Each structure stands twice: as C-alpha cells, then as structure tokens.
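What Swiss-Prot records for this protein:
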MOD_RES   Lys79  N6-succinyllysine
MOD_RES   Lys152  N6-acetyllysine
BINDING   Lys152, Glu236, His271  ATP binding site
DOMAIN    156-353  domain 'ATP-grasp'
MOD_RES   Lys297  N6-acetyllysine
MOD_RES   Lys319  N6-acetyllysine
MOD_RES   Lys442  N6-succinyllysine
DOMAIN    563-832  domain 'Pyruvate carboxyltransferase'
BINDING   Arg571, Asp572, Ala573, His574, Gln575, Arg644, Thr908  substrate binding site
BINDING   Asp572, Lys741, His771, His773  Mn(2+) binding site
MOD_RES   Lys589  N6-acetyllysine
MOD_RES   Lys661  N6-acetyllysine
MOD_RES   Lys741  N6-carboxylysine
MOD_RES   Lys969  N6-acetyllysine
MOD_RES   Lys1090  N6-acetyllysine
DOMAIN    1109-1178  domain 'Biotinyl-binding'
MOD_RES   Lys1124  N6-acetyllysine
MOD_RES   Lys1144  N6-biotinyllysine
Amino acid sequence: MLKFRTVHGGLRLLGIRRTSTAPAASPNVRRLEYKPIKKVMVANRGEIAIRVFRACTELGIRTVAIYSEQDTGQMHRQKADEAYLIGRGLAPVQAYLHIPDIIKVAKENNVDAVHPGYGFLSERADFAQACQDAGVRFIGPSPEVVRKMGDKVEARAIAIAAGVPVVPGTDAPITSLHEAHEFSNTYGFPIIFKAAYGGGGRGMRVVHSYEELEENYTRAYSEALAAFGNGALFVEKFIEKPRHIEVQILGDQYGNILHLYERDCSIQRRHQKVVEIAPAAHLDPQLRTRLTSDSVKLAKQVGYENAGTVEFLVDRHGKHYFIEVNSRLQVEHTVTEEITDVDLVHAQIHVAEGRSLPDLGLRQENIRINGCAIQCRVTTEDPARSFQPDTGRIEVFRSGEGMGIRLDNASAFQGAVISPHYDSLLVKVIAHGKDHPTAATKMSRALAEFRVRGVKTNIAFLQNVLNNQQFLAGTVDTQFIDENPELFQLRPAQNRAQKLLHYLGHVMVNGPTTPIPVKASPSPTDPVVPAVPIGPPPAGFRDILLREGPEGFARAVRNHPGLLLMDTTFRDAHQSLLATRVRTHDLKKIAPYVAHNFSKLFSMENWGGATFDVAMRFLYECPWRRLQELRELIPNIPFQMLLRGANAVGYTNYPDNVVFKFCEVAKENGMDVFRVFDSLNYLPNMLLGMEAAGSAGGVVEAAISYTGDVADPSRTKYSLQYYMGLAEELVRAGTHILCIKDMAGLLKPTACTMLVSSLRDRFPDLPLHIHTHDTSGAGVAAMLACAQAGADVVDVAADSMSGMTSQPSMGALVACTRGTPLDTEVPMERVFDYSEYWEGARGLYAAFDCTATMKSGNSDVYENEIPGGQYTNLHFQAHSMGLGSKFKEVKKAYVEANQMLGDLIKVTPSSKIVGDLAQFMVQNGLSRAEAEAQAEELSFPRSVVEFLQGYIGVPHGGFPEPFRSKVLKDLPRVEGRPGASLPPLDLQALEKELVDRHGEEVTPEDVLSAAMYPDVFAHFKDFTATFGPLDSLNTRLFLQGPKIAEEFEVELERGKTLHIKALAVSDLNRAGQRQVFFELNGQLRSILVKDTQAMKEMHFHPKALKDVKGQIGAPMPGKVIDIKVVAGAKVAKGQPLCVLSAMKMETVVTSPMEGTVRKVHVTKDMTLEGDDLILEIE
C-alpha cells in the first residue's frame, strides 16, 4: 500500500500529476527550461484572489494571500494556505500598492511566482520589474510589455505602427488643463479623459462642454491618482453610442499568440462594465475576423506573452477603433472560459512555468465557441441613487445556483462587513447556455434566487436589464443604460422576514413601539377561534346591495320583518374600550366565523373614524389594507364606515375633491354604507359628505348627532322640533337611510319612543338606524324602546366587548327579542362563541383596556354628556397623570367648557375641542367665570381658537359671544362652509411627491392617506419600510416581542410561513448596538439593534433630517476628501459643496437649493455614514 506524507494547507499531491504529465517539447520550437511553480502569492484581494487560489490548488500549488489591516476579516485570506499582513499603518488602498512590503512577504516565504490579479498593481511595470529583480516570477507579460501596454499613449502608438485603427487622441499624457482645452478646440466635444495607468472606469470622465472641463479634469486626475498611484491622464475624442468589444488573447514565451474570441462589454455605467457577454451577439463575421486578427497582430507587434485583452470601440457603421490593451486578467475573463472551455488562470500559470501553448493543447484551430455566457456583477450599489456604493454588514446572503450558473465571489456571506475602502463587487454571476436567450433566462432565474440583506445591491437593476427586449435582442451599445430609464424602475425587494426580525429585535432591546398607557402584559393565551364550515358563507344583505343597488338595499332593510343589528365590535366597541388598538391580525382571525354565522346582520361597522389614523399612527398598519382583507374574508355582510362629512376621516376640513376621491376609492375597496355625520350637525358639511358618498355609488346613511334630551321640556336648544327639521333636510337631500347617532348614550327609553316614533310617522318608508353607547347602563332598554317605536336597525357589540362606554350587548338584544315580532334571527349559540373569542382577544390588549382604571359605566354621563370613547380617554389620561382622584373635577370642567362654547353637540372633533378646553381649565385652575373674564389675555388651545374662527363649521345657535370676540380679537373668521374656500388639492402632484420619497409602489390609497394625515402617513411608510408587514405578527409579539428560546410561526401569506426562534441578546457594543440572534427556518440570523436608551449617553454624528429643507446629508458612506464651501458662503443650486470618496469612486455633493451655508458639520478626511449631516443651508 502506497504511503503519502501529510499535506498541510494545500493539495500538493496534485503536483505529482503535474510533473509527470508534462508533454514533451515540440521539436520545432526552441525550449526554455521548464520551471514548475510550487508556491504562488496573489498580490490582490477579494474574488480574483480566490479565483487564482482555486486554480493553484487544482494544480497542486501552495497559495499565499496578502491582506491590509482593513481586510482582516475578508474571505480571501482564509482561502489561501498562508496569509500575511501588509501595509501596516497605510491607507486601505495604499497597502495593496506598497511594492516593498509585497516583495518582502514573497521573499520571506519562498514564493515562486506572484499573480497580480486585476486592478491595484496588475498593470504597473515597476511592480513586474520588482518581482523579476527579486527572483520571483510575475504571472503576466514582461515588465517591458506591461510598461508599453500600461502607458495608453505608447500603446496607441504601437497600434498605429501595427496598422490597427485608433480613436483621435493625445500622443502623451496631458499635464495641464490648458492642453485639454487645446485638444477640445481641435477636435470638438464630446471628449473623454482616461487614466493613463489603469482602467475599470476610474479616472474616466466624459466632457460635453467647456463649462464641464475643469471640474471633470480635476476629478479624473484625483480618481486616477487614488486608484493607480499615478494621476496621469490622456484625452481623446469620445465616440458616441459605440459597442465596446474586447478580444481575449493568450501568448507564450515562444512567440505563439492566439485569440479566444470576443466579449461584448457595452452595458456600462460611468465607463464601468456591469454586464458582459461572450460572444458578442449579432456581430458581423467579417468584423469579428478583423477584430481578432488586429488583436493578434498587435500582440505580436510587442511580443506579448500570457493573458491580455485588446479593447475596441465599434461605431454604428461597423468601424472599429483600438482603445487599449489590458495586460492582465480581466474581471470578465469568466465568460470567455465558459464558451471556450479554456481555464485562463491555468494557462497563465503554465505559460509562466515555461510551457508553450501547443504544449497545453491550445491551437487556434481548436478554439471553438460553445454557446453563450453572460456575466453580471452583483455589487453593493444603489441604482436608485446613481449607483452610490453602500456599506454595512451583510445580514443575509443566499445565492442563486443550479445548472449553467457559476459564482465567483469573496466576502459574500452572512456577517461579512462591506467597507467603503474597496470595490463594491459582491459576487460575479456567470450563466452559460446554448444561446443568448437561454443564458439570459438562466441568469434571470439565478438572480431571482439571491437574497442579500443588510446592504443595498444592484440585483433589481440587473433583472431589469435581463428582461429588457433590446438586451434580449443583443443590440446594445454603451448608451444602453442612459437611453433606457425604465431600467431604474426598480421593484423593491419585500425582505419581509428580515424586516420582521429587525422589528422583533428592536422591541426586545427597546420595548414597545406603540405608547403603552398601563403596565399590563398581554394575556399568555391566544383567543379560541370557533370552527368555520368549508365553503362560501350564506347570502346576506350585501348580496341584495350588489344586485339591487342602494335604493333596493334600503327597501329590503325597511321591509325586513324583524329587528336588524349592526355589529360595532370591529370599530366603535374597541375604540371605546381598548383605545382603538385592536389590530387587523385579530380581526382577520374571527372574520370568517362572522361571515358564516352572522349573515343576517344589517352591516358591520369596521372602518373610518379614529381607526383610520390610529392604524397608521400606533399600529403601523395600512387602514386600506385592513378594509381589503376584511372584504375578502366577509363578502356577504355590508361594511359600514364613519365619514365625518367634510372632514372625511380626519380632524380638519379638506378640499372637496379630496373628500369625493376618498369616498370613490373607499367604495372601490369594498366599503358599502357611508354613515355621514358632522360634529356640529352643520348641514353644508353633511351635504358635501352625502354627495361624495352617493356619487361614489355607496349607500348614504345621514347621521344626526344627538345631544340633550328631547323628553325634557326644559332642554329647548336641541328639541324634538330641531331634530325633525334637520331630518327633513337630510331626507330631502336624498339619504338612503336615516341614523340617530347618540355618541354619549344620552337617549333614555322615553326620549327614544318620542324621537323614533315621530321620525317613523314622518318618514314611513325610510329605514331608521339608531346608534348609542351604554355608558349609563341603560343602552339595552333604550335600544328596545327604539325598536318598538319603529327603528329598523340598532347597534350592538359582542357581549364581551359591550357595556360601559361601548355599545349595548348583542346577546341581550338577541335574547330580549327572541320569539317576538322583533326577532333578530341571530342564533344565541353563535353569539356565545363570538363573545368567547373577543373575551380572549381582549386579554391581549390589557395595556389599553379601560377597565385598568374604569370599573363601570356611570349615569353621570346624562349630566356631562361626554361621548363614550372620549370618556374612556379622559379617564385614562387623568389616572396616568396621577389625577385619578380629580376625574370628577375634569368632568365638571367639561360641563363648564361645553357651556362656554355654547352647548355643543359633542362628537369628534367638537368633543375634542370641549375636552381640550376642559383640560386647559383644570391645568390652569380656572373656573368658567375666570376663563371668560380673562379670555382676552389667555392663550387658549389651538383647537378652541380654530373652532371659534369657524374652521369646522357653524354650531347650532351660533358662536358664543362675547367669548368668541375676546378670544379671537383680530384673528380672521371663516364665513360659510370651511372647505368651500379651499382650492382643490393636486392629487397627481402629491402622488409624484410620494413616489419621489417612497418609491414607485405608491397607490391611490396611499395618496389619500397622505392627503388626510401627511405626517402620520410619512412616519408610517418610513417605519414599515424598515420593519415590514407588522400585521402578520400576533399581538403579543407586536407589543412585547418574543422571550428568549420562544418558538413561533409568522404567516406572511397563504403558503408562506416563517418559523422563528429567539436565541439571545448580546451586551452593548461601542456603537451603542446590541446583537440579537434568531433562528429563522432553521438557519441562524443575527441583527444589530441600536439601544436607544444607551445611545442617549453616547455621542454620534448628527443625521440629516429628510424633512428639513437645507440639511444636506451624505448620499453614501465614505470619506470627505474635499470641502468646497465655508460657513457664511453663498451657494447656488447645483454648486459643489464637498467631495466624498468610497470604494475608489468620488462623488461630488451638490447644493439642492440656493442659499447661505449656515454651518459645516464635517472636516476633511472625516469618515461618514450614509445620511450623516454634512452642512446646513438657509
């Protein structure tokens, strides 16, 4: 049995094969001594270093890596057998340009040969010479050839001598801006600056006019100096809309030169290649022959050896121009390898060992094109921000693989840190197929499989390129990206799982994201969802509405023999008891049960009112999505919303077109019945809302807000005659249904009988709907009295969500009417199950439950007339401020405030105005008499002042005088309907503004949310962009996050469920962050979460606030290399302010406005993160 010695760190056994299988020298060629290479150092980093290491390992060659201090954690140093630090104390790029250190490492570690990779020193003749002088082989051309080809001006002269056509340009590097001016005068614009000692797009700048000349010259020089250690430039005529075709060549030390056909590198931005294709599609065979023969001719002219690339521009007429020779391996060498089956790195190494191309079996006649290959460079750049590099920690990395896919990468793994110091390349994806469309399909599929989280990438942009018809046809040129702006219509990645982990981590570190009024944890048990039968739910009143329209629906309601119920559990009940905090997640769970078991309901109140803004403000949910999802789950029961007349679902007046559009879109999303009211019963506001709802095709239910007591002869302001007169106006305006909206629960049975019977007698064919609250405890009796007096519909809530400030009990009404002519036909057993679910669900909202401070309703509501939801809120506020014992004083002040304002109808927003004034009086220790007497000197709440100005309408009986005049003094007064004087809102302009801020995925619903609540909507969008679809989390997780070791599932959508386990939270790091560890679908995930409390005690550079005009933030992470202005300087729009450098690319930050620099927050050489504040302009 053969025994082999242990191999340490490399596959040296393969060396046996290498030495024993070397072919014999050709008898016709003078042989050089064959010197096997045993140890290779790659003087580079990243994926190209790994590419060479892999080739060496396959050949049994030991590998050596070098790395800078900034690259300590990079993968390339781990892929080598040995790795050594270079450039200690040097800048990141300079470390890889420090020839003495690199040579020292090579000599000290017995390196036979150095592979330069690409970039850095790969085209530096002095480096090739230094290797040669040190007795280390340079895997590339000779130093002299590197010098000639690296000097693009000399290369150009050689091309001319070889008879290869060239673009008009300077004969030598220019040394001044004056020379650039002279060239422009001779050849005209456009021209292009190019770095004389490197490529890759650095140091390249196209200039279209004299005005651009100086800035672009300066930037090109600076970039070339930073990237290649030499800022020399040459200038040439810029050929517009050419194809960029390059030919791969390979030579040996015996004068043999061959080509491996061409690559099309036309898809570029900033002269840097993005997608490369081999072979070039639809290339004329004669042009291909000219390109390849000229490339070989040029290589022979200089005695080229090893791998290289000859680059050409091909104009629209098929004429080609030599650009340059890259005397190194190219980034895109991979596509050539795929179509020719030639390993170029193997060939490079063998040539450096002294082997000839024929020895390697490489003869021109044997090189054939096999199919097509495409390479996409996946980078950490943001196409939406002009491809600005992004930096940070990769939280998730999952690549696309499979048949026909090759990946060349380096530090593309979870936990890798992308720094601003080097190139933004993350991974090269190479697809190979039988033809161009097949390769494009494979590439598109592979990119779709990628998941990169934590840093932005250009994947969405690449996918757009691959789906572009011009690209698929193969007819692209270097203007392809510029001429196809639709490539930048990027479909954002959903990234839902990672965003949810960020949210859960944030809550685990910082606590709840929504204000918690009471320290009470959610119930540990989930509510029990009753079983639901399979199949569609039974027909309900919505089927009649869809079939017969609003008029037919109203007739069916009026002709129904028994009492109909509207369930408020999905809106007003939880607004009254749970601070409007019930989430869509819990509504959706019980929704199918409601659809199947409560089809006899008149409607469900589930939208509008306070739920609209609270959904966005505190629950981070889209109210429109709630409507859409509930509509899908409950197709048979009409939905009802609360529309505040001209206020829609807001607290102020909006232009008429906003209200009309809102109703239109609400109807399109599934809303059926619009209960239109006005907080002052101000008829013009109500008529506008009714018209908007009616024109949208909805059922119009005009609601008269009730206050006072029609059965009390002493209460004359809001008498029976007042309500009957108002009802006449609303019926005349065409309401389909008439509603009495008793917000405080003031309707007593006697008053119910008087009011409802009078309305029934006057409007025998009109459906009557009564809404109340049970604050006094008389709600069930009142609703029974209404039903007996002729009401068609009364409001109820699930038993466990009824009573107190909510609606009367559903079960009580069902039981009391059972077996009578008013029978609701609702099964009691279903009511019990429904109530049981809500009893469990209510426990999840313990922190918001009114019973934390309020143990019962109170009949004093007949005196203070506080609406149900507001009663709960005021009670909460009083207790939270330690004034629980003084709640009686708050209620007394409420009564006085109401009288000061003229005895208002109290419902949002008028109830809030009364409440604000009451709290103002309590906080300042004012009685009514004192407040009225000092009215001219006091600074009343804004809501009170605006009410007195007339901004929400005119109250019944007019404004209180002289109180109004004392408060307003010289302030303007609104005459008539407030919204009538408002100009129409430009909804299209608003949509564009939202798209500019939030991206293309802006919907008509978003536009209306922003129109109603601009600040709330903006925060909601920013929050969910960071933390994802939070309505998919259960309520316990949403409020308090998971416990360590807790396992749970999150259903993102049907068929997509995440299995998550919380593992650990780390200690605080120096950046004020904690690392939170999870297991997601069996894989470890970790995220960094800022500890907001700890960060208050730490100093960080301020961020630019997007909403503050004049605050200029860093568009990308990077280093400040130049500051163009000082504090006090006048700046024009577009004027350069400073220059940032990141990933060897410089970005000029320009002024977005004209103004004066107020303060500069950065200094030269300062390193910035994205959005760090640079300066302020005023």
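All positions are counted from 1 along the displayed chain.
Quick reminder: no glycine exception, Cβ is built from N, Cα and C everywhere.
It should be emphasised that the depicted structure is a prediction, and the values quoted were computed from it without experimental measurement.
Sequence features, as recorded in Swiss-Prot, placed on the structure.
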residue : record                 : Cβ contacts under 8 Å, 6 or more apart
Lys297  : N6-acetyllysine        : Ala162, Gly163, Val164
Lys442  : N6-succinyllysine      : Gly402, Met403, Gly404, Ile405, Ala431, His432, Gly433
Asp572  : substrate binding site : Glu605, Gly609, Leu642, His771, Asp795, Ala797, Ser806, Gln807, Gly868, Gly869
His574  : substrate binding site : Thr580, Arg581, Val582, Met801, Tyr845
Gln575  : substrate binding site : Gly609, Ala610, Thr611, Gly869
Lys661  : N6-acetyllysine        : Leu987, Pro1004, Leu1008
Lys741  : Mn(2+) binding site    : Arg675, Phe677, Ala703, Ile704, Ser705, Tyr706, His771, Val907
Lys969  : N6-acetyllysine        : Glu936
Lys1124 : N6-acetyllysine        : Gln1135, Pro1136, Leu1137, Cys1138, Val1139
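Taking Lys319, Lys589, Thr908, Lys1090 as the recorded positions under consideration, the smallest Cα distance to Lys152 (N6-acetyllysine) is found for Lys319. Restricting the modified residues Lys79, Lys589, Lys1090 to those with a CA within 10 Å of the CA of Ala573 (substrate binding site) leaves an empty set. A 10 Å cutoff on Cβ-Cβ distances gives His771 (Mn(2+) binding site) a total of 26 other Cβ atoms nearby, all chains included.
By neighbour count, meaning other C-beta atoms within 10 Å, the densest spot among the recorded positions Lys79, Lys152, Lys319, Lys589, His773 is His773. The ATP-binding residues named in the record, Lys152, Glu236, His271, extend over a maximum Cα to Cα distance of 16 Å. Across the structure, Glu236 (ATP binding site) and Lys319 (N6-acetyllysine) place their CA atoms 17 angstrom apart. A straight line from the CA of Arg644 (substrate binding site) to the CA of Lys589 (N6-acetyllysine) spans 29 Å.
The recorded positions shown are Lys79, Arg571, His773, Thr908; of these, the one with its CA atom nearest the CA of Lys1090 (N6-acetyllysine) is Lys79. Between the C-alpha atoms of Lys319 (N6-acetyllysine) and His271 (ATP binding site), the distance comes to 20 Å. Cα of Arg571 (substrate binding site) to Cα of His773 (Mn(2+) binding site): a span of 13 Å. Annotation note: Lys442 (N6-succinyllysine) sits in a helical segment as assigned by DSSP. Note on proximity: of the recorded positions Lys79, Lys589, His773, Thr908, the one nearest His271 (ATP binding site) is Lys79, by Cα distance.
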